[in-house]
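Student: Structure below; questions to follow.
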């Protein structure tokens, strides 16, 4: 990093953190007590603060059965708050208060800002055309990604989950796989589904080796002019044959195992946990049952196009998509029929989605999907475009990286019955980090859009309160 870029980055990060602190103060002034899921997380963290969560002492052990995640957030919180309380002499209700616990996520957000910059620098280091200004602007934009940024100010698992997962990804890219696996374990302790991103880190290593071997294979067959990115049926068959041959070779398997053993051990720990626990969820399992909810992939693609519209929804891309549609009518017909079948047979509606009018998803479902029974089918063409433009922006990556990311994307979205935008944060950030840098104009447009969405959401949360007929509690609109 050049000195001028370092100064600029420090100024941007400091300014963003100052703004977050001001918003944090405003939110804590208006909403002093726990809200929504904080009603589970805050008392549980306070139980850890007071030493009531020692598993060796069954008489005093306290655990809220409605909590579905492991205690990573509470352990980190106590590890930060307790030393700070001793250092500054805090006593009484200040220690482990809702406001103090929320501040942990403000620290995580600062860490996420720095990690996003380092990841952008590492992933795109070979692209000499990328300026320091573009990196800083992209970092600021991703740090203000609305679905993540909002939970900076509440005591939720998302900022910490993102922090440890991004940190693990960064260490993986630098080849520090033991450290990466350890950080992946920390991410797993925040949210069990983060084990998928541990597999993603291992997949990065495997994809890199596959790509090297594939390039060697191409050099041997120059006369056949095989390309790993053409996407034709014959090329797909060649790649599939290559994968089978490579991954069934004992020598290659031993080499890949030697490279990825820290991740393999962590995945083994995960399966051990699932066997002992009887499932991936630790608390309220009745409301978090896994299923094959394939339309979740379509929702994620639509979500990504919405939040990356300056890059994905352009006249040029639309024209290219229509041209591709005209060139490959049979291929798109098969995709359309398959998508319609998946929407027909695998659409699920969670009870929380229909019952809670404090979230964006409630209104999206009511205003769009519940207008008519045929709406969910009519959206299939939009899903196909979203999938095409999504894949088109990843064409700079190797075919093996794309396959690995797509498998992880399916694993993290499809089993979820509940449509919840928070579940899309990590796959979106991983995707957004790996696409080519757009023009400065498009970056500014994306940042401006995020600022507007954040401003509207925070304004509604702070100022547009309401009450339910059967409750005296003040309700607030949120992600």
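The backbone N, Cα and C atoms fix where each Cβ goes, and this holds for glycine too.
Remember, it's a predicted structure, so these values are computed and weren't measured experimentally.
What TrEMBL records for this protein is below:
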TRANSMEM  6-27  transmembrane segment
TRANSMEM  72-91  transmembrane segment
TRANSMEM  103-124  transmembrane segment
TRANSMEM  136-156  transmembrane segment
TRANSMEM  162-190  transmembrane segment
TRANSMEM  253-282  transmembrane segment
TRANSMEM  294-313  transmembrane segment
TRANSMEM  334-354  transmembrane segment
TRANSMEM  374-391  transmembrane segment
TRANSMEM  398-415  transmembrane segment
TRANSMEM  444-462  transmembrane segment
Student: Mind checking which residues reach the transmembrane segment (334-354)? Cβ under 8 Å, same chain, six or more beyond either end.
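Tutor: Counting only partners 6 or more residues beyond its ends, the transmembrane segment (334-354) has Cβ contacts under 8 Å with 287, 291-295, 298, 361-362, 365, 376-377, 380-381, 383-384, 387, 417-419.
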Student: Excluding the flanking five residues on each side, which residues at least 6 beyond the ends of the transmembrane segment (136-156) place their CB within less than 8 Å of a CB in that stretch?
Tutor: 5, 8-9, 12, 16, 20, 23-24, 27-28, 34-38, 41-42, 45, 73, 98, 101-102, 104-106, 108-109, 112-113, 116-117, 120, 162, 307, 421-422, 424-425, 428-429, 432-433, 437, 440, 443-444, 446-447, 450-451, 453-454, 457-458, 461, 478-479
Student: Per the 3+ Cβ pairs under 8 Å rule, pairs at least 6 apart in sequence, do the transmembrane segment (294-313) and the transmembrane segment (444-462) touch?
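Tutor: The answer is yes, given that the two segments have at least 3 Cβ pairs within the 8 Å cut-off.
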